[in-house]
Amino acid sequence: MPVKSTKTKGGSTQGGSQAGGPSTLKVNKARVPAKGKKDDDDATEAGEHGGEEWMQTKSLIKPDDQLELNDQELKEEFTRILTANNPHAPQNIVRYSFKDCSFKQTSHVDQLAIHFSLDGNMIHKDSDEARRQQQRHGASEAISEQAISEAGEEKKEEDGEQKTEEPKEGEKRDEESTPAPAEAKSDQKLTNQFNFSERASQTYNNPYRERGTQTEPPPRANFSSTANQWEIYDAYMEDLEKQEKAKEKKAAPSKKDDDKSKKKLTALETQSDDMSRISHAAKIIERMVNQNTFDDVSQDFKYYEDMSDEFRDQEGTLLPLWKFSYDKSKRLAVTSVCWNPKYKDLFAVAHGSYDFMKQSRGMILFYTLKNPSFPEFVYPTDSGVMCIDIRPEHPYLICVGYCDGSVGVFNVTSTDANPVFQSTAKTGKHTDPVWQVAWQKDDLDNNLNFFSVSSDGRVVAWTLVKNELTYTDVIQLQLDSAPQDGPEGTQLTPLGCGTCFDFHKQTDYLFLVGTEEGKIHKCSKAYSSQFLDTFEAHHMAVYKVMWNHFHPKIFISCSADWSVKIWDHTYRNGPMFTFDLGSAVGDVAWAPYSSTVFAAVTADGKVHVFDLNLNKYEPICEQAVVQKKKTKLTHITFNPNFPIVLVGDDRGYVSSLKLSPNLRKVPKDKKGAALNHGPEAEIAKMDKLLALVREPPKDNKS
């Protein structure tokens with residue numbers, strides 16, 4: 001008999017046979033001790049041999065060209081750095097920038113590398129799609145069972161009609177054909193819906209088959225017509241009439257109250273529409289009346305040229321044209337004048353007060369040369385407006401600076417007279433009046449931004465983000481004096497008072513800042529704690545600094561110390577030209593048509609026009625343009641297209657003056673032919689003048 005042996009936990013061996021019997025048990029008992037002894041002997045031998053193998057040394061098998069290293073080389077550590085950069089990612093992607101009209105390299109490259117991606121086709125059993133599949137599967141099973149049952153019944157009917165000779169065999173067949181009683185279905189094991197694994201396999205793709213059919217093409221027709229403004233208008237009006245007739249047919253009869261309310265609403269709507277139409281028509285009629293009233297002035301603006309300039313070689317005149325004023329702004333000084341960069345006949349005027357002991361309201365007015373009698377837009381403000389600037393890319397956006405230290409942005413296209421953005425004490429407004437604001441290029445996120453300078457010693461960059469203004473301090477105008485002792489032993493660094501600034505036309509990061517101490521600081525947007533250079537320019541407050549439109553190194557400044565100075569920011573030995581005008585100079589401006597022509601206004605009511613190419617010492621035009629003696633001129637600006645200037649005074653009036661031919665003379669050669677006119681020619685003309693006044697470099701003696 002076969003013997004079955006098992007080993008217990010204690011190490012003993014038990015035996016047993018498949019068929020029980022005393023003889024069999026005896027045989028097993030006799031065999032057990034012998035087998036156990038043999039196993040013990042085998043274990044002892046295995047233990048001895050295993051110990052010997054453990055004690056024996058094993059020789060390493062290595063190839064002949066194996067590199068042998070000493071202990072120092074083996075202990076040397078190598079640093080392995082794992083990075084998330086994709087080695088196959090391209091490093092030299094170049095894209096075309098439509099904004100800058102040039103190709104630019106893309107610095108940020110996507111480092112994502114996908115090694116394997118598989119979209120699973122498993123769905124949750126409780127989802128809607130799973131329920132729909134179960135319903136479809138159950139319906140198909142029911143249909144198949146019904147078909148099987150119908151086939152069985154038909155077979156039974158046929159067997160009943162036929163006479164069978166062997167009923168027993170028929171009974172057997174019926175018994176065989178009848179299905180067995182369905183057993184109770186066991187509970188189906190449900191899978192864990194949160195623990196599953198996806199499997200994939202390669203299957204044979206079904207070949208594509210092309211099928212085609214012939215159909216009749218849709219009918220086509222050629223038609224042509226002309227489309228212009230009045231035909232489009234007529235078509236819209238016909239469609240509107242059809243819609244109104246359809247509404248009248250569908251409208252049910254209403255009560256008297258509803259009729260009254262509808263009549264009131266329609267009356268209000270028609271009244272508002274009529275007012276808008278009347279206002280537009282009234283504006284056109286007003287311009288027509290002004291054109292007839294000021295026809296002589298319009299003719300002078302367009303065609304008049306002073307013929308007496310032919311007899312005066314180095315002298316010119318200013319022809320007064322229109323005078324702009326508004327009844328509610330007569331007692332407010334003109335604090336800023338700015339031409340619209342898109343609409344050449346439109347300009348903005350800011351009104352405020354330079355008497356800071358009696359601060360009152362302010363006002364922003366928009367005038368046009370087509371209607372000098374009344375402003376186009378009026379924006380009253382609670383605080384005096386000290387400066388204004390219009391964005392070149394969006395001529396409907398105007399940034400302003402107030403006397404209370406806040407800044408704001410107006411949208412001319414909006415019907416609301418309030419600013420769309422305005423800074424508050426929570427958003428970092430200035431603590432002193434804002435003297436100048438200027439739009440700059442969009443930041444890296446394409447957000448609009450502008451800069452402002454104030455008497456609190458801060459130059460701030462304002463960014464328009466969604467519905468709020470965010471500020472960033474660009475630089476603080478710290479003085480060279482030692483820190484002063486503050487309360488509780490603190491040290492206070494005195495700050496200068498900024499009065500004006502101007503950004504370079506070509507170098508985006510470079511700008512100048514003028515102060516009340518008479519200094520001009522050359523600053524950079526990249527350095528917020530250090531000046532690039534400082535010019536000891538004037539003895540009193542600097543009222544204006546402005547870069548030349550053509551020469552990248554030249555800028556001009558004016559001050560309350562009666563002087564106007566022209567500087568080269570790379571020349572440290574002093575100004576290139578200095579002019580004493582005999583009165584406080586309120587504003588100065590370069591001409592947009594020449595690099596050597598500039599104009600300045602003084603507190604005695606005079607306009608001074610200089611052309612360095614004709615006379616380097618005296619103005620070629622000095623003319624009083626105010627009617628009252630005590631009227632002070634505050635600002636002046638050139639029109640970029642027409643030969644006129646705008647001059648504002650402290651009584652709220654803005655005067656337009658036309659330059660005579662001698663004030664905008666084109667340089668000619670010895671034969672009388674006009675020289676090349678362009679940026680390079682203007683730069684060369686200015687360099688020729690600067691070469692005469694620059695000190696020659698000193699030779700270093702070795």
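Cβ coordinates come from backbone N, Cα and C, glycine included.
Summarising the annotation, Swiss-Prot assigns compositional bias 'Low complexity' to 1-11.
The compositional bias 'Basic and acidic residues' feature in Swiss-Prot is assigned to 36-52 (among others).
Annotation comment: Swiss-Prot describes 152-176 (among others) as compositional bias 'Basic and acidic residues'.
Among the features that Swiss-Prot reports, compositional bias 'Polar residues' is placed at 189-206.
For 243-261 (among others), the entry in Swiss-Prot reads compositional bias 'Basic and acidic residues'.
Taken from Swiss-Prot, the feature region 'Disordered' covers 1-64 (among others).
Residues or ranges marked as region 'Disordered' in Swiss-Prot: 128-226 (among others).
Summarising the annotation, Swiss-Prot assigns region 'Disordered' to 243-272 (among others).
Taking Cβ pairs closer than 8 Å, the repeat 'WD 1' (380-420) reaches residues 328, 332, 335-336, 338-343, 348-353, 356, 359-364, 366, 429-439, 448, 450, 452, 454, 456, 462, 464, 469 in its own chain, all 6 or more past its ends. The repeat 'WD 1' annotation in Swiss-Prot covers 380-420.
Residues or ranges marked as repeat 'WD 2' in Swiss-Prot: 429-472. Mean pLDDT for the repeat 'WD 2' (429-472) in this predicted model: 91.
Residue counts for the repeat 'WD 3' (490-533) under DSSP, split into helix (H, G, I), strand (E, B) and coil, are 0 helix, 23 strand, 21 coil. The repeat 'WD 3' annotation in Swiss-Prot covers 490-533.
Swiss-Prot lists 537-577 with the feature repeat 'WD 4'. Long-range neighbours of the repeat 'WD 4' (537-577) within the same chain, counting only residues 6 or more positions beyond its ends whose Cβ lies under 8 Å from a Cβ of the stretch, are 497, 499-507, 512-520, 522, 583-592, 595, 598, 600, 602, 612, 616, 679, 682-683, 686-687, 690, 693-695.
According to Swiss-Prot, the feature repeat 'WD 5' maps to 580-620.
For 628-667, the entry in Swiss-Prot reads repeat 'WD 6'. DSSP places the residues of the repeat 'WD 6' (628-667) in helix, strand and coil in these numbers: 4 helix, 18 strand, 18 coil.
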Inquiry  = Using Cβ atoms and a strict cutoff of less than 8 Å, what residues sit near the repeat 'WD 6' (628-667) while being 6 or more residues removed from its termini?
reply    = 300-301, 304-306, 309, 312-326, 329-339, 341, 344, 347, 349, 351, 354, 367, 369, 586-594, 597, 599-607, 609, 611, 613-614, 620-621, 674-675, 677, 685
